[in-house]
Amino acid sequence: MLGLATTVTLESSGCSSKMCFRLLCSVSSRPARGTFVEDACWVYIISHTFFPFNMTWRVVNIFISLSMDGALMEIGPYRLQDDHTLIYNNGSWDEFANLLFVDQPVGTGFSYVSTDSYVRELGPMADQFVTFLERWFNVFPEYERDDIYIAGESYAGQYIPYIADAIVRRNEKLSANGTSWNVQGLLIGNGWISPLEQYRSYLPFSYKEGVLDKNSDGAKAAESQLSKCMSKLKEVGKFGVHVDECERVLELILDTTKVDGKCINMYDVRLEDTPDACGMNWPPDISLVTSYLRRPDVVKALNINEDKTTGWRECSPGVGRNLQATESVPSVQLLPGLLERGMPIVLFSGDKDLICNHIGTEDLIHNMTWLNATGFELSPDVWAPRHNWEFEGSAAGIYQQARNLTYVKFYNASHMVPFDFPRRSRDMLDRFLGIDITSIGGDPADSRIDGLKGAPTSVGAHPNSTTAEEKEKEKIKIAAWEAYYKSGEVALVVVAIAASLWGFFIWRSKRREKGLEYKGIYPNLESFSSASLATFRGKRRGRMDVESAPRPDEAELETLYNAAEGSDPQDGEENFSDGKGDNEKAQSHAGMGKSR
């Protein structure tokens, strides 16, 4: 599997987390099923869809993510429909990156423990993840020298810095013949990173968004509880990833919204939920994904270890009860060291999330000191400017950057930004990876920063993308039926049009592939593609059924390339895969899933 980026995406949520460590048990891209005596984790890898054949070297990135709700509801290549058919996700992160989804900590998702060996602290969690990666690279040595990016949301704000720090320490202790792992960047969305700033942000955010009336009795009760919270935080000192007295502040805010059998959704304050859930039933796809991942045929297709006796669930009570992190320092204390080592980090926030809201993220940046300056300070009393983003005529958000740290705020987005805006989030990723669409082919997106166009990006618009392929197929289908209505000669017209259009597509795409060269771009010229919130909250109509449209793999693309160069393809060179899957939502308040 060759690619331009392999990204490891980590998921977790308010009820549990998903990330794999300790024992590599089952890998969907390999047919064999592993067997281990103790705990077992589960991983899912999705290879990129585009590879420049004329490249003589491999510039490959691994993107690690915490697991299946991120894969099927956010950044993976497919989304589920109500009838359990799969449709392409126009905005998936696998176009220029290999995605590695990992159920972690052990006990989440498809991973399991055979004893009461749940992880209890963040340090051991990170060490176990390093053990997982070592075993992963033993099985897939072709990936070990790739660039690695680690991404997640919510409680992954704790996981990701700990994992990155553990990898840095592992590299420092390497023997002379060991292979250093190339962690090139971190992306954390609506992250639970600094409990102090996040707990303090609940009331200001609630007042600003109209969730709570500042003069109400509920506000007074919450303000009183916040005072108790601050006292407790002083008592625990540097240890305070989870503080019960502070959790009560959010509970009181939510209690005030329980009216007429409804409660505000803490992950998207524009929405409501049942009073016993207040957002835990969201997003609407979660019940669909759960039932899909419990189907026996899906479990078998995903190569799940037969020792796993319970069905997939988003939140693991066992993990949540045990991962209290009472002796772990909040990950915000690790960020300065990572930034000072030159590691680029992106913190991004959907502005309608309450539980890990953007005010808390902005405050933690403002109060954090790294590289001899505080916050986004460029020099004494001079601060990095906030740049306005505009995409296709609409305001998309803002970004701000200084000293290896980039902050991105997405307008009108929830706790799960890629769920709301898959194309915008993918555009952010492309900017971070340094993808320049002009060197690949495809139509650049109309993306502007402070009214000026930056380096062009495009989501799904280069000729080899799954989106472009589906558009070509749709053109063929429409043209064929128009011919049928005119003449009734269906078979002849379909063959003629399909041959001509597909031949033109191959010719055009292969001409664009000649001389491809990837140019890095400065990541602060990031932009976003548009996809409205309603796009994936509705029924997502008008997309094609992926189960009837297999995707060509690299062998097929190389066959087409050879054909375009005048060589005859050999019989049997075309291979197709019907890969299914991808995710992330901070679970039980943990990594791409719900929070904490």
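Note that Cβ sites are derived from N, Cα and C of the backbone, with glycine treated the same way.
According to Swiss-Prot, the protein has these features:
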type     : residues : note
SIGNAL   : 1-17     : signal peptide
TOPO_DOM : 18-486   : topological domain 'Lumenal'
CARBOHYD : Asn54    : N-linked glycosylation site
CARBOHYD : Asn90    : N-linked glycosylation site
ACT_SITE : Ser154   : active site
CARBOHYD : Asn177   : N-linked glycosylation site
CARBOHYD : Asn367   : N-linked glycosylation site
CARBOHYD : Asn372   : N-linked glycosylation site
CARBOHYD : Asn404   : N-linked glycosylation site
CARBOHYD : Asn412   : N-linked glycosylation site
REGION   : 447-469  : region 'Disordered'
CARBOHYD : Asn464   : N-linked glycosylation site
TRANSMEM : 487-507  : transmembrane segment
TOPO_DOM : 508-596  : topological domain 'Cytoplasmic'
REGION   : 539-596  : region 'Disordered'
COMPBIAS : 543-554  : compositional bias 'Basic and acidic residues'
COMPBIAS : 577-587  : compositional bias 'Basic and acidic residues'
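Feature annotations (Swiss-Prot) mapped to structure.
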| residue | record | Cβ within 10 Å |
| --- | --- | --- |
| Asn90 | N-linked glycosylation site | 22 |
| Ser154 | active site | 37 |
| Asn177 | N-linked glycosylation site | 5 |
| Asn367 | N-linked glycosylation site | 13 |
| Asn372 | N-linked glycosylation site | 8 |
| Asn404 | N-linked glycosylation site | 17 |
| Asn412 | N-linked glycosylation site | 17 |
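Taking CA atoms as the reference points, the residue listed as 'active site' and Asn367 (N-linked glycosylation site) are 20 Å apart. Ranking the glycosylation sites Asn90, Asn177, Asn404, Asn412 by Cα distance from Asn367 (N-linked glycosylation site) puts Asn404 first. For the topological domain 'Lumenal' (18-486), the predicted model reports an average pLDDT of 84. Ranked by CA distance from Asn412 (N-linked glycosylation site), the glycosylation sites Asn90, Asn177, Asn372, Asn404 have Asn90 at the top as the closest. When Cα-Cα distances from Asn177 (N-linked glycosylation site) are compared across the glycosylation sites Asn90, Asn372, Asn404, the shortest belongs to Asn404. The two recorded residues, Asn90 (N-linked glycosylation site) and Asn404 (N-linked glycosylation site), show a Cα separation of 29 Å.
In this structure, the C-alpha atom of Asn372 (N-linked glycosylation site) lies 13 angstrom from that of Asn404 (N-linked glycosylation site).
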